[in-house]
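Straight from TrEMBL, the features:
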- 1-11: compositional bias 'Polar residues' (COMPBIAS)
- 13-24: compositional bias 'Low complexity' (COMPBIAS)
- 25-39: compositional bias 'Pro residues' (COMPBIAS)
- 1-50: region 'Disordered' (REGION)
- 71-104: transmembrane segment (TRANSMEM)
- 124-154: transmembrane segment (TRANSMEM)
- 166-186: transmembrane segment (TRANSMEM)
- 198-215: transmembrane segment (TRANSMEM)
- 222-239: transmembrane segment (TRANSMEM)
- 245-265: transmembrane segment (TRANSMEM)
- 277-294: transmembrane segment (TRANSMEM)
Amino acid sequence: MNTTEPQSTLDEVSASVPAQSVPASPQPASPQPASPQPASPQLASPHPARTPSDQLLIAAWAKRAGYARALVGIYAATSLAVGAVFGPYAIATAVAIMSAIFIAGWPSLLDLPAHAIPRTMLTLLAIALIVTGLFGTVAHSAIVGAASVIAAFIAEMFRTDGRPRLIEQLSGGFAGAVVLMSGSLWIHAMRLSHGKNVVIVTAMAIAIVAVMHAFDSVAARIAGFVNGIAFAIGFGYLTQLWVESSVLIGVFTASAYLLTARGVLEMPCPSPAINGAARAMIPPLLVGVVVLIAG
């Protein structure tokens, strides 16, 4: 029996069939380092985490800053009361010193993009308002204030930094001008019949509220509001002021401190000392408008 023939036939058939390429087995991919995933916006914190020691330092700074602001407020009240005793030139000197402290820290307190322009404009405005307060009338002070608005727009044209945050820059300058205009009314109030008594009562109310606001708490602010009104009524009675005028002085003085504290609530801690001094000058200068009304 011949077995070589089938074997040769199988060899011929297998030779005629084209060889099929066997696919290579896939190699395992080398592990790639995982790219860092961006943090979820809900979990990202805008402020770095503070350690307990940082919190203690900030709390200590806030306490010292509150005491310092109270002392500056007491100084402002004392200088205004002394100015009321010695006449318009003395109170004009007190207003000039208060305005200088306010102007020095106002742009940095508001974090304005350009500091030189508002400081220059506010300095010129303060000088003009004090001169007008001594030798002019309230109408003249209003004209000076209106001219400062036009001058602020003109001054912004000379900025060479592209004028970023222009609205904030202008609004900050206008707000500072309003504070200075209110402060100049202390001088005009000395010409009124009860101007001297009104200035003294308001100065006492400022001192009381400033002391209460040395403690940064809700209870202290409520106590400052209540005591400001009570002491204004008490000193008004001693100086024979109308009750309505005394209540107006107390309410406006306490409200000025409350609004100032609320306005700078997000101020970075700690901040330069000149910022705190400028903040302490805002309420005494603002109260000048109610001094003129109550007189």
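The backbone N, Cα and C atoms fix where each Cβ goes, and this holds for glycine too.
Keep in mind that TrEMBL annotations are predicted by a computer and have not been checked by a curator.
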Long-range Cβ neighbours of the transmembrane segment (222-239) (under 8 Å; 6 or more residues past either end): 197, 200-202, 204-205, 208-209, 211-213, 245-247, 249-251, 253-255, 257-258
Contact between the transmembrane segment (166-186) and the transmembrane segment (277-294) (3 or more Cβ pairs under 8 Å, separation 6+): yes
